[in-house]
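Novice: I am attaching a structure below and will ask some questions about it afterwards.
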Amino acid sequence: MSESRIDFRKAEFLISAPDIAHLNEYLPGDVGVEIAFAGRSNAGKSSALNLLTEQKIARTSKTPGRTQLINVFKLDKHRRLVDLPGYGFAQVPLALKLKWQQALGEYLLKRDCLSGVVVLMDIRHPLKDLDMQMIEWAVESHIPVLALLTKADKLGQSDRMKMVNEVRKKLSNFDDAVKVEPFSSLKGIGKSKVLSILDGWCKPEWLMQQIEADAIAAAQAEAGKE
């Protein structure tokens with residue numbers, strides 16, 4: 001069964017939750033497909049979500065660490081985007097910082113419907129310890145990762161590709177589990193490439209088969225009414 005490209009502009013706010021335990025209370029079970037966005041508090045995560053959905057769906061802040069909640073956005077009845085709390089911020093109490101990092105780890109390791117994780121990193125300062133931890137958690141759970149090097153407009157074309165290649169080399173031990181792409185919310189660099197990757201993550205074979213089966217069942221039920 002074929003399906004047209006997912007329209008990420010249709011994303012709409014669903015719920016907010018302080019941690020994965022509360023998230024499970026609100027979501028309709030661990031079902032469907034979720035794509036998570038994670039990154040350091042200054043990596044430009046909210047700006048990236050706003051560009052990809054072409055709306056101000058995620059709140060941006062000049063204060064690192066302000067986004068403390070897990071925010072969930074619905075694409076359709078089968079698919080969701082999940083904006084995870086920023087990590088690595090300095091002006092936050094250690095206990096709260098550790099609590100958030102634990103919640104991120106639990107989400108990545110326990111959420112079966114996760115179809116992909118976008119780890120956003122400032123292209124000028126990639127692969128910090130917590131970035132690597134996020135990537136390793138996802139790979140450990142057999143979840144594909146897109147390492148998105150944000151603020152790519154801050155570098156010239158030559159330096160930009162040099163950094164992309166360096167990061168790809170450092171992550172090469174993960175084989176095909178991790179893709180690396182440059183991105184700029186300001187200039188739109190990498191937008192179409194990212195949307196293509198996300199579109200693929202939204203269409204795992206099992207979900208496409210389920211959608212087809214549901215369509216057939218609905219058609220048969222409708223025919224039975226005639």
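Every residue gets a Cβ built from N, Cα and C, even glycine.
Sharing the feature lines straight out of Swiss-Prot:
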- 31-204: domain 'EngB-type G' (DOMAIN)
- 39-46, 65-69, 83-86, 150-153, 183-185: GTP binding site (BINDING)
- Ser46, Thr67: Mg(2+) binding site (BINDING)
Novice: Using DSSP, would you call Gly39 (GTP binding site) helix, strand or coil?
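Specialist: Where Gly39 (GTP binding site) sits, the three-state DSSP reduction gives strand.
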Novice: For Lys45 (GTP binding site), which DSSP three-state class applies?
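Specialist: For Lys45 (GTP binding site) - judged by DSSP and reduced to three states - the answer is helix.
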Novice: I want to check the contact list for Lys151 (GTP binding site): same chain, sequence separation of six or more, C-beta distance under 8 angstroms. What comes out?
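Specialist: Sequence-distant Cβ neighbours: Gly44, Asp122, Ile123, Arg124, Ser184, Leu186.
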Novice: Which residues in the same chain, at least 6 apart in sequence, have a Cβ under 8 Å from the Cβ of Leu69 (GTP binding site)?
Specialist: Ser16, Ala17, Pro18, Pro85
Novice: Between Phe183 (GTP binding site) and Ser46 (Mg(2+) binding site), what is the CA-CA distance rounded to a whole number of Å?
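Specialist: Cα to Cα, Phe183 (GTP binding site) and Ser46 (Mg(2+) binding site) are separated by 13 Å.
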Novice: Given the binding-site residues Asn42, Ser46, which one has the fewest other C-beta atoms within 10 angstroms of its C-beta?
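Specialist: Fewest other Cβ atoms within 10 Å, among the binding-site residues Asn42, Ser46, is found for Asn42.
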Novice: Can you check what DSSP calls Phe183 (GTP binding site), collapsed to helix, strand or coil?
Specialist: coil
